[in-house]
């Protein structure tokens, strides 16, 4: 039987359908239903949210397929799941389960310290993290259909997501201003594939959607990332590590949609209870910084 992979246009189109929305991490059917009722456009099924992965340490792997199937059976919105960077078999297992997207994620412990997956070989579209134009372009060349900032997952601290979004957007503007004969040197210096840079220059933007992720903890955080140019928002630990997950979920969805309505964001932020406990980035050891994973 011939293995028919999804075309690049179809995969990118599927990701475009999530634009402007919020994607929430969930660990069971109950949380998935809360996310769907709050207006999430998709959920990410995993065993532990990033804050718990960070706290537990050790090796973090793909979720038990039972959890993924439980979440898939509980909601009608798309379901994503994470595999380790470079783990061919975890990705194939998730594809066989019928997930809607796979996140080749630095939140999990990398399986390969040299190679990312060739995502063009799969029918299912992939999501990947990036901090700059080099990482973004390499993931696109490998076949990623959606990007997200890496931020610093599980910290409840938005500063790294802001840094990464600003960095990528500044470099897009730089690429757009370069002559085509200057792009090859830029490609060499950044490790960005030349053909992807040409596409970015032609479009004046990335050819795939770029969501914010890694540290979104409040409605204001979500609105901030949208104002900085994010196409949507991933919320990992920020929902179910907060004092009132259902209220936080609804408020973050509304703030993402109405990110320039400050009176509404103020109203949404009232009486929410405590957000997740945050971590100052400077207190993390180099080996604790998940954003450093991937290349």
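For all residues, glycine too, the Cβ spot is worked out from N, Cα and C.
DSSP classifies residue 237 (D-ribose 5-phosphate binding site) as coil under the three-state reduction. Sequence-distant contacts of residue 237 (D-ribose 5-phosphate binding site), defined by Cβ-Cβ distance under 8 angstroms and a gap of at least six in the same chain, are 25, 49, 50, 51, 52, 153, 154, 156, 217, 276. Residues or ranges marked as D-ribose 5-phosphate binding site by Swiss-Prot on the basis of sequence analysis: 25, 154, 215, 236, 237.
Look at Swiss-Prot and you will find 82 tagged as active site, schiff-base intermediate with D-ribose 5-phosphate. When secondary structure is read from DSSP and collapsed to three states, residue 82 (active site, schiff-base intermediate with D-ribose 5-phosphate) falls in the strand class.
Under the heading D-glyceraldehyde 3-phosphate binding site, Swiss-Prot lists 166, citing sequence analysis as support. Counting every protein chain shown, the number of other Cβ atoms lying within 10 Å of the Cβ of residue 166 (D-glyceraldehyde 3-phosphate binding site) is 13.
Taking the binding-site residues 154, 215, 236 in turn and counting surrounding C-beta atoms within 10 angstroms, the largest count is reached at 215. In terms of C-alpha distance, the listed recorded positions 82, 215, 236 place 215 closest to residue 166 (D-glyceraldehyde 3-phosphate binding site). Listed in chain order, the residues near the D-ribose 5-phosphate site other than 25, 154, 215, 236, 237 are 49, 50, 51, 153, 155, 156, 214, 216, 235, 238, 241, 276, each with its Cβ within 8 Å of the site Cβ centroid. Secondary structure from DSSP puts residue 154 (D-ribose 5-phosphate binding site) in coil.
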